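According to TrEMBL, the feature active site, proton acceptor maps to His65. What TrEMBL lists as substrate binding site is Pro156. Here TrEMBL flags His186 as heme b binding site. According to TrEMBL, the disulfide bond annotation covers Cys32-Cys110, Cys67-Cys72, Cys116-Cys319, Cys193-Cys228. The domain 'Plant heme peroxidase family profile' annotation in TrEMBL covers 22-323. The feature site 'Transition state stabilizer' is assigned by TrEMBL to Arg61.
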Amino acid sequence: MQAAALMVVLAVLSLAGSGSAQLRYGFYKGRCNSSDVEAVVQSIVKARFAREASIVAYLLRLQFHECAVNGCDGGLLIDGPGTEKTAGPNLSVKGYDLIAAIKSELEKRCPGVVSCSDIEILAARDAVALAGGPAYAVRNGRRDRRRSLASDVRLPGADYTAAQTAAYFSRLGMSPFETVALLGAHTVGATHCSAIKSSRLYRYGGKAGATDPSMDPAVAWVYKRYVCPNVSSSDGNAVFLDDQWSAVKVDNHYYKKLQLRRGVLQCDQNLYSDGSTRGIVDQLAGNKGMFLSAFGQVLVKLSEVNVLTGAQGEIRKVCNKFN
């Protein structure tokens with residue numbers, strides 16, 4: 001059963017968007033004078049990771065919030081009123097400064113050659129490997145879109161049911177297995193108490209004082225007593241999506257938490273509460289190698305959603321504004 005599921009992940013690589021066919025491995029080889037573009041990106045990400053390991057969570061979230069809206073096109077990086085960056089779900093996205101630093105260095109070496117959208121994908125790939133995740137190859141050749149509108153932003157909710165989550169990701173070309181594997185990105189990073197206080201701790205189902213019965217009562221007690229007390233001042237308190245000791249490691253511990261009813265976000269725990277996805281959680285929880293392989297494959301697939309290539313779009317001079 002596990003081998004069959006893994007074969008599905010490896011085999012199903014139909015990618016959204018005709019531009020993906022023009023992406024290539026080694027796209028920048030010989031295009032940046034004497035510089036190796038991928039090595040430059042890796043060195044800058046490595047230096048940042050050494051002093052701030054949480055950058056892996058920032059970059060994974062940046063890639064998803066980027067690619068899930070109009071494709072992997074750099075639209076999230078644009079500053080200004082009414083841009084994607086200003087949409088509610090994106091207000092807490094981080095990592096923009098690292099993308100800008102990489103772009104600045106590459107512009108010194110080969111102006112107008114490397115797109116911001118390719119930098120996003122390469123940076124996330126390198127951070128994942130540094131955090132103990134899979135080392136996977138990505139194809140490049142994306143170009144940056146001249147569009148960035150907050151009104152385009154439609155991202156899944158933290159309280160989504162498993163069926164809603166699967167339906168959302170199916171629009172990105174993801175199978176249920178790939179969807180659960182991609183949600184494994186929650187093996188790193190954190191959310192805030194405001195994301196779970198009403199939905200899970202104090203007003204489950206809209207009922208005052210009700211706690212989500214799918215949450216381990218002992219964990220709920222700790223959250224309510226120490227992490228997210230029912231006062232407005234706790235809204236911004238951080239809640240690690242995985243156990244704190246594992247919160248900067250790309251591993252399959254996230255799925256083990258779901259098995260123990262200790263998932264933080266309701267959409268995460270719903271993957272185990274629902275019979276249609278529970279078996280997938282069990283597979284990934286029981287086989288770290290399967291998860292790492294599947295995670296790398298699904299990040300590649302996500303990176304090629306609705307890309308621009310060839311003469312489409314532009315190669316920005318700076319990532320936070322159009323040319």
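Heads up, the Cβ atoms here are built off N, Cα and C, so glycines get one too.
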Spatial separation of His65 (active site, proton acceptor) from Cys116 (disulfide bond) - C-alpha basis, Å: 15
Shortest C-alpha distance to Arg61 (site 'Transition state stabilizer') - which of the recorded positions Cys32, Pro156, His186, Cys193, Cys319: His186
Which of Cys110, Cys116, Cys193, Cys228, all disulfide-bonded residues, has a Cβ with the fewest other Cβ atoms inside 10 Å: Cys110
Candidates Cys32, Cys110, Pro156, Cys228 (recorded positions) with Cα within 10 Å of Cys67 (disulfide bond): none
Nearest-integer angstrom distance between the alpha carbons (Cα) of Cys193 (disulfide bond) and Cys32 (disulfide bond): 45
Between Cys32 (disulfide bond) and the residue listed as 'active site, proton acceptor': CA-CA distance (Å): 28
Set of same-chain residues at least 6 away whose C-beta sits under 8 angstroms from Cys319 (disulfide bond): Gly74, Leu77, Tyr96, Ile99, Ala100, Lys103, Cys116, Ile119, Asp144
CB contacts for Cys32 (disulfide bond) [other CB atoms within 10 A, all chains]: 17
The one of Arg61, His186 whose CB sees the fewest other CB atoms within 10 Å, among these recorded positions: Arg61
